[in-house]
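What Swiss-Prot records for this protein:
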TOPO_DOM  1-70  topological domain 'Cytoplasmic'
TRANSMEM  71-91  transmembrane segment
TOPO_DOM  92-115  topological domain 'Lumenal'
TRANSMEM  116-135  transmembrane segment
TOPO_DOM  136-278  topological domain 'Cytoplasmic'
TRANSMEM  279-298  transmembrane segment
TOPO_DOM  299-327  topological domain 'Lumenal'
TRANSMEM  328-345  transmembrane segment
TOPO_DOM  346-786  topological domain 'Cytoplasmic'
ACT_SITE  Asp383  active site, 4-aspartylphosphate intermediate
BINDING   Asp731, Asp735  Mg(2+) binding site
TRANSMEM  787-806  transmembrane segment
BINDING   Asn797, Glu800, Thr828, Asp829, Glu961  Ca(2+) 1 binding site
TOPO_DOM  807-816  topological domain 'Lumenal'
TRANSMEM  817-837  transmembrane segment
TOPO_DOM  838-857  topological domain 'Cytoplasmic'
TRANSMEM  858-880  transmembrane segment
TOPO_DOM  881-950  topological domain 'Lumenal'
TRANSMEM  951-970  transmembrane segment
TOPO_DOM  971-983  topological domain 'Cytoplasmic'
TRANSMEM  984-1002  transmembrane segment
TOPO_DOM  1003-1017  topological domain 'Lumenal'
TRANSMEM  1018-1038  transmembrane segment
TOPO_DOM  1039-1061  topological domain 'Cytoplasmic'
Amino acid sequence: MGKGSEDLVKKESLNSTPVNSDTFPAWAKDVAECEEHFVVSREKGLSSDEVLKRHQIYGLNELEKPEGTSIFKLILEQFNDTLVRILLAAAVISFVLAFFDGDEGGEMGITAFVEPLVIFLILIVNAIVGIWQETNAEKALEALKEIQSQQATVMRDGTKVSSLPAKELVPGDIVELRVGDKVPADMRVVALISSTLRVEQGSLTGESEAVSKTTKHVDENADIQGKKCMVFAGTTVVNGNCICLVTDTGMNTEIGRVHSQIQEAAQHEEDTPLKKKLNEFGEVLTMIIGLICALVWLINVKYFLSWEYVDGWPRNFKFSFEKCTYYFEIAVALAVAAIPEGLPAVITTCLALGTRKMAQKNALVRKLPSVETLGCTTVICSDKTGTLTTNQMAVSKLVAMGSRIGTLRSFNVEGTSFDPRDGKIEDWPMGRMDANLQMIAKIAAICNDANVEQSDQQFVSRGMPTEAALKVLVEKMGFPEGLNEASSDGDVLRCCRLWSELEQRIATLEFDRDRKSMGVMVDSSSGNKLLLVKGAVENVLERSTHIQLLDGSKRELDQYSRDLILQSLRDMSLSALRCLGFAYSDVPSDFATYDGSEDHPAHQQLLNPSNYSSIESNLIFVGFVGLRDPPRKEVRQAIADCRTAGIRVMVITGDNKSTAEAICREIGVFEADEDISSRSLTGIEFMDVQDQKNHLRQTGGLLFSRAEPKHKQEIVRLLKEDGEVVAMTGDGVNDAPALKLADIGVAMGISGTEVAKEASDMVLADDNFSTIVAAVGEGRSIYNNMKAFIRYMISSNIGEVASIFLTAALGIPEGMIPVQLLWVNLVTDGPPATALGFNPPDKDIMKKPPRRSDDSLITAWILFRYMVIGLYVGVATVGVFIIWYTHSSFMGIDLSQDGHSLVSYSQLAHWGQCSSWEGFKVSPFTAGSQTFSFDSNPCDYFQQGKIKASTLSLSVLVAIEMFNSLNALSEDGSLVTMPPWVNPWLLLAMAVSFGLHFVILYVPFLAQVFGIVPLSLNEWLLVLAVSLPVILIDEVLKFVGRCTSGYRYSPRTLSTKQKEE
């Protein structure tokens, strides 16, 4: 090994880090300097010994796999939630108390264990779902590996090694790339084998066209798109062959940096706005539960702890462990009542229903919380290529020669895809093409190596998209003499095939970057041999001496015609059209008898590309076309809808500035005549802006062109720091880090890479930007419905807490046991709450500005309303309990038919002193087929005997909550204007909940488990009489709400318009 090689190894060993583009800018050095730096020659490549040494330094050429989170840690993370911790504590305490449960607890046998077991089951299911989601979260990194090349052709020890595993490449390796190859590492182009080399790197950079590569070095500060002498791992060679030198491998490649950025973004994922609100609610709930439990405990201390005062000091303490345990159980019941156990399940169900609705609109949600987050999206950062545009090149204008010198004809071409049936040519002489138009069609069809195929109802290009667009144009032009009507089932390119049959192609003059044109020689059916040329308009025009007029006649190309063509070209370029010119001539005399044979003397001229310019001279110019990556038809209206909905649209693309600006003006991001100098920046220009956040706060649209992955990620990060809720769309590898970092990552389903899809929260099945806007509307509707059922469930829980608190405060026996409350929270409340998710959306839902992510889920007014409703629930449930014990009738309803004994309210409130009452006796009473008697212990009337009163309390609670679900149909709208049948699912859900309640009432085994008994008709009338007033109360509150809405919302509206600095 030479001294230079020894120095290199020594240097690398000292640094112990790979040489990468940060330490050696290979793109800014000439080929000789690169070979010298990596101590290699392109003729011999690296030696086997050198490869082994570099493997030890650089490792394998593959992306790192991050260490997965252990299953134990994943399980623990599922309990990192306030509500879950409260539930877990309640379950543990309930389980312990079940062992000490006695007669005073009111529960028997299995009933005592139902509550903790059900809570544990809820927690287990919740943990399983959470772990499943976590283990599926990092597939983006695996998908990234799939786009890496598997094999490479390498020069080692002076010998060409085919199919070497790409992971064995090291910096300094000499690699040969051929058309169709996937680039295995970041490499410096050191020699071109073909006359030209083009690489499709749009998935990495966002460019809409394949990029020509060269061996010439570029500026050291060039961005990815500007590194014309570099090819990058994961991109594809679409034209030409070359020799390259590996400069970076594995995690040091551009795709490796994307991998690192995805990992970094995954570590900074934040909770959704709803999750944050629920966590805040859980923390507040914890404090409230703690305070109320402590208060209940203090209120009832007198029942299990008493003392006498002797000489002013407390003496002779008496403590009852059974009663202490009993009141502790009441405190636990209070906790169970306060926690909306069914809320997580109902939220998940509502979000799942939302995903189904969105799927019907072609928005496939991968992560459930994204459904709700969409509703508060304030900024949509959209990629241009493939998202706002079709990513399918299409001809939009055709310019042909006129009937005389100095005249041009212009035709607008419709269509935005590779489907030949998509659009037509305006004012086109179908079947009556003149000679000039026929020649344009002939050149576009034959001087062309692309193909268009139909696959799964989609038309896709094979080869260069620009050439595929030309073939689609030929199909729209039709064929002369009525042959365009000829049937050819399944032939997508019918006209192109017919032209190819008439004009047999015998030689190809490949495109190169010097002359910027491609030519073909054809043996025409007319007996002549022609040279057909297409290329950059200026270059083709420069080599032309004549023009062809409408009737096919030739005229000398004068200066006026030349200037006219160039002016038309400039006008089209201002519209960001890429223009291609067409010309033809008779073949040079040397090729007059050429038939494509290698033995022909003229064939030698075709082997040397330097001859092509002279062959393609003295041309006859026939016309030119303007192509572009056209915007999607629906995008302009979708952006207008975003503006109406208060959502800002920012376009972030890797494409060049002029093209991006033209598209943005066309789709409505900018007005046609708007000054956008302060709104349109390149990625590098934005990074140099001093106050970046202030730039991003500008109202209206913004554009960032030539943006690299790091720029996209930085823009998303800054927007999130500024309090925006960001939806980021994209389809390429370059979009993946920003998709992962954004609040909502939206990937394209058709054109999107697997990397982008796996990094996203939502996939658009139709690749349509307007689908995002529809999904935002659906997200807002879902959020409104979620507010309805969250408030409904919380008001129910407030009612349960009020019921238990009043019971404890009044000193009467416990009205409802924990297992009954658990049943109500989980089962009875579930169907109505879920059905509220089907509430129809407001008609003006997309005409309102987005809610702020920190907007309160429950305002002070809403809390007051539900405190009032909750207090009524508590009064009603406790009241019906007292009524059964103390009244033989209520509002004309006879309650004495079961034969139960009446007691005074004072006796009920001091039931713990029953054993000291003289002559206290009670009669037996019936409940269904059961008879309850208390001859042996009359005081059991307040424990075992409370079963009927407890059933009435539970039934009133269920009935009130069913009627209260009707109140939740609208926040302030009366049931008169929004009747129950606007949501038939709610009526069905109420029937289901009542049905479930009847099941536990009238099925003996279940009635025993829940500690309840059947009710008579009169008792049901009492339940309804006590329950129905909840509708009237809430109607009054809604009326007050409507009357004061202006006062309550005007300050809020002003505050939302003020951005926090």
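Cβ coordinates come from backbone N, Cα and C, glycine included.
Annotated features taken from Swiss-Prot, shown on the structure.
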| residue | record | Cβ neighbours (10 Å) |
| --- | --- | --- |
| Asp383 | active site, 4-aspartylphosphate intermediate | 32 |
| Asp731 | Mg(2+) binding site | 30 |
| Asp735 | Mg(2+) binding site | 38 |
| Asn797 | Ca(2+) 1 binding site | 26 |
| Glu800 | Ca(2+) 1 binding site | 27 |
| Thr828 | Ca(2+) 1 binding site | 24 |
| Asp829 | Ca(2+) 1 binding site | 29 |
| Glu961 | Ca(2+) 1 binding site | 26 |
Please give the sequence-distant neighbours of the transmembrane segment (787-806): residues at least 6 beyond its ends with Cβ less than 8 Å from one of its Cβ atoms. 292, 295-296, 330, 333-334, 337-340, 342-343, 346-347, 350, 814-816, 821, 824-825, 829, 832-834, 836-837, 839, 857-858, 862, 865-867, 869-875, 877-878, 953, 957, 960-961, 964-965, 967-971
Considering only the recorded positions Asp383, Asn797, Glu800, Thr828, which fall within 10 Å of Asp731 (Mg(2+) binding site) when distances are taken between Cα atoms? Asp383
Could you give the residue numbers and ranges of same-chain residues that sit at least 6 residues beyond the topological domain 'Cytoplasmic' (971-983) on either side and whose C-beta is under 8 angstroms from one of its C-beta atoms? 787-788, 835-836, 838-840, 862, 1031, 1035, 1038-1039, 1041-1042, 1045
Within the topological domain 'Cytoplasmic' (838-857), count helix residues (DSSP H, G, I), strand residues (E, B) and coil residues, in that order. 4 helix, 0 strand, 16 coil
If you measure C-alpha to C-alpha, which of Asp383, Asn797, Glu800, Thr828, Asp829, Glu961 (recorded positions) come within 10 angstroms of Asp735 (Mg(2+) binding site)? Asp383
The topological domain 'Cytoplasmic' (1039-1061): mean pLDDT? 55
Going by DSSP assignments with H, G and I as helix and E and B as strand, what are the residue counts for the topological domain 'Lumenal' (299-327)? 12 helix, 13 strand, 4 coil
Starting from the Cβ centroid of Asn797, Glu800, Thr828, Asp829, Glu961, which together make up the recorded Ca(2+) 1 site, report each further residue of the same chain whose Cβ lies within 8 Å of that point, ordered by sequence. Met793, Ser796, Gly799, Leu821, Val824, Asn825, Leu957, Val958
Rounded Cα separation (Å) that holds between Asp829 (Ca(2+) 1 binding site) and Asp383 (active site, 4-aspartylphosphate intermediate): 44
With helix taken as DSSP H, G or I, strand as E or B and everything else coil, how many residues of the topological domain 'Lumenal' (807-816) land in each class? 4 helix, 0 strand, 6 coil
Counting by DSSP secondary structure, give me helix, strand and coil numbers for the topological domain 'Lumenal' (1003-1017). 8 helix, 0 strand, 7 coil
